[in-house]
Each structure stands twice: as structure tokens, then as C-alpha cells.
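K.L.:
Below: one structure in C-alpha cells.
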């Protein structure tokens, strides 16, 4: 009887430890997702995001980007 009680206690302990580890892992995944989430800043709804096809004569790229005349797509404006 004592051995059965010890085995049941160990099984319960393993279940609790596993549940807390799964919860901790999901929390870690949420934090990492938030850190590495790439969101393009868009001031206007009609602006073009990074690497979008554009017209250099009518530059509609979002703030911080400029339509490249050679490639005709929005690139980061470095200066």
C-alpha cells in the first residue's frame, strides 16, 4: 500500500512539473514572438511598404522609405 502511495505521489509530481514547464514554454514563445515581430510603420493607409513596387515619379512609399529609380521598389532611406 505504501509503495502504491509513493508511485501515485511521484506521478502527480511529474504531471504538475510537466504542466508548469509547458506553461513556461508558451510564455517564452509569446515573449520571443513579440520581440521578433516585424511590423512596418505606416503613417498613411495608402503608402507602400518595404520592397513594394512603386513609381519613382509618384513616390508613395511609407515614411522612412524611398522609391528607387533603378529597381522601382521601395527601399529604406538611409539619409
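Glycine is no exception: its Cβ is also placed from the backbone N, Cα and C atoms.
Take a look at what Swiss-Prot says about it:
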type: SIGNAL; residues: 1-19; note: signal peptide
type: DISULFID; residues: 47-62; note: disulfide bond
type: DISULFID; residues: 54-67; note: disulfide bond
type: DISULFID; residues: 61-74; note: disulfide bond
K.L.:
Sorry to bug you, but what's the C-alpha spacing from residue 67 (disulfide bond) to residue 61 (disulfide bond), rounded to the closest Å?
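P.N.:
On Cα coordinates alone, these residues lie 6 Å apart.
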K.L.:
Between residue 74 (disulfide bond) and residue 67 (disulfide bond), what C-alpha distance do you get in Å?
P.N.:
4
K.L.:
Sequence gap of 6 or more, C-beta under 8 Å: which same-chain residues meet both conditions with respect to residue 67 (disulfide bond)?
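P.N.:
Correct list: 48, 54, 55, 56, 59, 60, 61, 73, 74, 75.
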K.L.:
Here the disulfide-bonded residues are 47, 74; which one has the lowest number of other Cβ atoms no more than 10 Å from its Cβ?
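P.N.:
Comparing Cβ neighbours within 10 Å for the disulfide-bonded residues 47, 74, 47 has the fewest.
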K.L.:
For a quick check of understanding: among the disulfide-bonded residues 54, 62, which residue's Cβ has the most other Cβ atoms within 10 Å?
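P.N.:
It comes out as 54.
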K.L.:
Quick one: give me the count of other CB atoms within 10 A of the CB of residue 61 (disulfide bond).
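P.N.:
Taking every protein chain into account, the count is 21.
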